[in-house]
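According to TrEMBL, the features are:
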type: DOMAIN; residues: 20-245; note: domain 'YjeF N-terminal'
type: BINDING; residues: Asn71, Asn72, Gly73, Gly74, Asp75, Gly157, Ile158, Gly159, Gln160, Thr161, Arg162, Pro163, Asp193; note: (6S)-NADPHX binding site
type: BINDING; residues: Asn72, Asp153, Thr196; note: K(+) binding site
Amino acid sequence: MQDKNAAERKTVQTVTSAQMRAIEAAAMEAGTVTGLQLMERAGEGVVQAVLAQWPHLDHAAEALVLCGPGNNGGDGFVVARLLRARGWKVTVCAKGWEALFPPDDVAREPAARSGGDAWTNARRWRDLGGRCLPLESLPDRARDVPERLLVVDALLGIGQTRPADDLLRPFWTAWGRWSESESGTEIRRVSVDVPTGCDCDTGEPLGQRPFEPDLVVTFHAEKPVHARLRAGGVRIVVADIGLPA
Ligand SMILES: NC(=O)C1=CN([C@@H]2O[C@H](COP(=O)(O)OP(=O)(O)OC[C@H]3O[C@@H](n4cnc5c(N)ncnc54)[C@H](OP(=O)(O)O)[C@@H]3O)[C@@H](O)[C@H]2O)[C@H](O)CC1
Ligand SMILES: [K+]
């Protein structure tokens with residue numbers, strides 16, 4: 001008789017985005033955790049999973065973190081800060097954070113976004129001297145791509161609701177140019193929580209071409225999209241961020 005626990009361990013818990021948000025809200029409501037703690041643990045989980053998957057990248061690779069306008073982007077700013085603290089060269093390219101990183105370097109703090117956890121982490125990145133370039137600033141020549149590069153997709157997560165082509169276009173355009181790069185360039189791609197351009201509850205693409213990660217690090221439990229990604233050969237890691245089962 002198969003050990004019941006082993007069977008349980010084999011079954012992967014799957015939750016929908018709505019269930020995820022309810023679990024998160026209940027934990028914050030109960031005062032057992034704050035959104036900022038969850039975001040920090042999410043970023044830590046991504047970094048640990050990347051180092052476990054590709055230990056040779058540590059101290060040897062550069063990171064390009066793509067941050068979107070919401071909390072998925074907030075996770076990205078945490079990842080950027082943690083990798084920089086490990087000595088990585090980190091470039092952040094983002095959409096939706098222009099007020100904090102204006103081209104004229106005079107930060108404006110619009111009321112709209114200030115106060116959220118993502119805003120806090122974007123400011124932490126700025127306050128340690130981190131810069132934030134527009135998504136259109138991605139290196140567009142193969143020779144400008146470092147020998148070892150980690151691309152972090154923190155554009156959209158479980159909050160994506162519509163085609164993401166506009167957000168992904170700058171990346172796919174640059175990617176097309178990078179693929180001409182000399183052999184030996186190693187580019188690894190990791191998605192935070194959910195690949196941008198994927199509906200996490202149906203697994204269906206949102207737009208023409210979703211981000212194509214080698215690794216996805218999700219939080220607390222898989223979402224329905226992850227089984228489909230795993231079936232397609234993508235490595236899925238579930239990071240524990242301290243939420244109750
Ligand atoms: N416990 C947890 O699950 C934790 C999750 N974290 C991270 O938070 C994200 C979810 O963050 P959220 O802000 O809810 O959503 P996203 O960041 O995925 O999306 C942000 C907003 O982007 C807009 N949106 C939606 N689709 C598009 C699109 N195609 N193009 C542009 N913008 C889009 C939308 O806002 P609108 O007002 O424009 O509709 C989204 O709200 C989760 O995935 C985790 O990474 C916590 O950090 C840790 C705990
Ligand atoms: K993502």
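Placed from the backbone N, Cα and C atoms, the Cβ positions cover glycine too.
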Binding-site residues near Thr196 (K(+) binding site), in sequence order, restricted to Gly73, Asp75, Ile158, Gln160 and a 10 Å Cα cut-off: Ile158, Gln160
State the Cα to Cα distance, in Å, between Asp193 ((6S)-NADPHX binding site) and Asn72 (K(+) binding site), rounded to an integer. 8
Can you check which residues sit near Gln160 ((6S)-NADPHX binding site), meaning Cβ under 8 Å from its Cβ, same chain, 6 or more apart in sequence, and list them in order? Val194, Thr196, Gly197, Cys198, Asp199, Cys200, Leu206
Counting across all protein chains present, how many other Cβ atoms fall within 10 Å of the Cβ of Thr196 (K(+) binding site)? 25
Pairwise CA distance, Gly73 ((6S)-NADPHX binding site) versus Asp153 (K(+) binding site), rounded so that it is a whole Å: 9
Mean per-residue pLDDT computed across the domain 'YjeF N-terminal' (20-245): 92
Which binding-site residues among Asn72, Asp153, Gln160 have CB under 6 Å of ligand 2? Asn72, Asp153
